[in-house]
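Encoded as structure tokens, the structure appears first; notes follow it.
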Amino acid sequence: MFVDQVKIYVKAGNGGDGMVAFRREKFVPNGGPAGGDGGKGADVVFVVDEGLRTLVDFRFKRIFKAEHGEHGMSKSMHGRGAEDLVVKVPQGTIVKDIDTGEIIADLVAHGQRAVIAKAGRGGRGNKRFATPANPAPELSENGEPGQERNVQLELKVLADVGLVGFPSVGKSTLLSVVSAARPKIAAYHFTTIVPNLGMVDAGDGRSFVMADLPGLIEGASQGVGLGHQFLRHIERTRVIVHVIDMSGSEGRVPYEDYMAINNELEQYNLRLMERPQIIVANKMDMPDAEENLNEFKTKIAEDIPVFPISAVTKTGLRELLLAIADKLETTPEFPLNEILEQEDEDTVLYKYVADEPDFEISREPDGTFVLSGAKIERLFTMTNFERDASISRFARQLRAMGVDEALRKRGAKDGDIVRLLDYEFEFMD
């Protein structure tokens, strides 16, 4: 089954804790601090693997947690850093942050790497805090927590060729006879509801990937039917093969179908009309097909080639496949960052944003003061509260940031409860 969107959770490794230790050896008086630093945690890294074609593996594993760094040790030995957690994804994967909607990475080239969740650095051991005024400090840092994210992976099919057309014009049948793909084929509309991929051999040593995409209907560019799902898949297709039922067996007019499909492509994304398009007149083994083809040719430009075929009887296929292979050789790829030139909801618009304040103060109905903010929360989680010296250092950091004064201005008095993350303490004026 083809899966083109999936939501997963990623958690980078925490940094290892720093250690409080002292050098105690015979004949070495006043050995001094010897606590090592914690090791760096592991990043969560996505790497493009050209051998993967779908996101189906993520249906069975949706939680990815990287390893933590080792804690610091005595004798000034640092903890070992953890190895990055490498997650392989197919070409064309877009990674979005679910909470912010930001595009984190657009992975299109084999071997391309992107850090999706950054690891925390290791906490410093007490050797790092030695000063002339305090040569034997009894404080250390905890490791920094690793970043965690809920992300959505979106795969835009990286097929060389995309088959487009109204439902039941023979796209799935065509793919099944020119490749080893076995799409579902039936005599009703929307038999194909997800893309089917097939490797096609042109017969002269050249090959390409062809995608049988779900059928379009009028209004698809506004999301009617399978509209946006279909059009999302065709954005990176290099060559569009427009399949038309030339027999008109369903009471449709071939030229009107041709114009309607092109209109939907243009309405969705004007750049799609720049794709080379090959017109395929299918079902030429049916009555009235030849007459309809002649009429169709009179309504389009003379320099637009039309390839009459019958996917059922397999006539005209070799000429079509060679023409597609020739067209691919002269057609570049269309990366997403070139396609989305116009600003839309997926565009990353870079603008100046003021730095986030070090902390914010709010108050709950019961009178509790709540501290929040990335910087103050980071300082808190990296403080070793088992050591009095570390607690004193944290208090000095809060004072230097202006937290005490800000609480007083908000009306805090002796004994009031102040909450930071899941911990509470009393305010002392």
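From the backbone N, Cα and C atoms, a Cβ is placed for every residue, glycine too.
The annotation domain 'Obg' is assigned in Swiss-Prot to 1-158 on the grounds of sequence analysis. According to Swiss-Prot, the feature region 'Disordered' maps to 124-145. The feature domain 'OBG-type G' is assigned by Swiss-Prot to 159-329, with sequence analysis given as support. Residues annotated as GTP binding site in Swiss-Prot: 165-172, 190-194, 212-215, 282-285, 310-312. According to Swiss-Prot, the Mg(2+) binding site annotation covers Ser172, Thr192, on the basis of sequence analysis. For 351-429, the entry in Swiss-Prot reads domain 'OCT'.
Everything Swiss-Prot records as a feature, shown here on the structure.
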residue: Gly165; record: GTP binding site; Cβ within 10 Å: 24
residue: Ser168; record: GTP binding site; Cβ within 10 Å: 21
residue: Lys171; record: GTP binding site; Cβ within 10 Å: 30
residue: Ser172; record: Mg(2+) binding site; Cβ within 10 Å: 23
residue: Lys283; record: GTP binding site; Cβ within 10 Å: 25
residue: Ser310; record: GTP binding site; Cβ within 10 Å: 22
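DSSP labels the residues of the region 'Disordered' (124-145) in these numbers: 4 helix, 1 strand, 17 coil.
Ser172 (Mg(2+) binding site) sits 13 Å from Lys283 (GTP binding site), taking the C-alpha atoms as the reference points.
Ser310 (GTP binding site) falls within a strand when secondary structure is assigned with DSSP.
In three-state terms derived from DSSP, Gly165 (GTP binding site) belongs to neither a helical nor a strand segment and is classed as coil.
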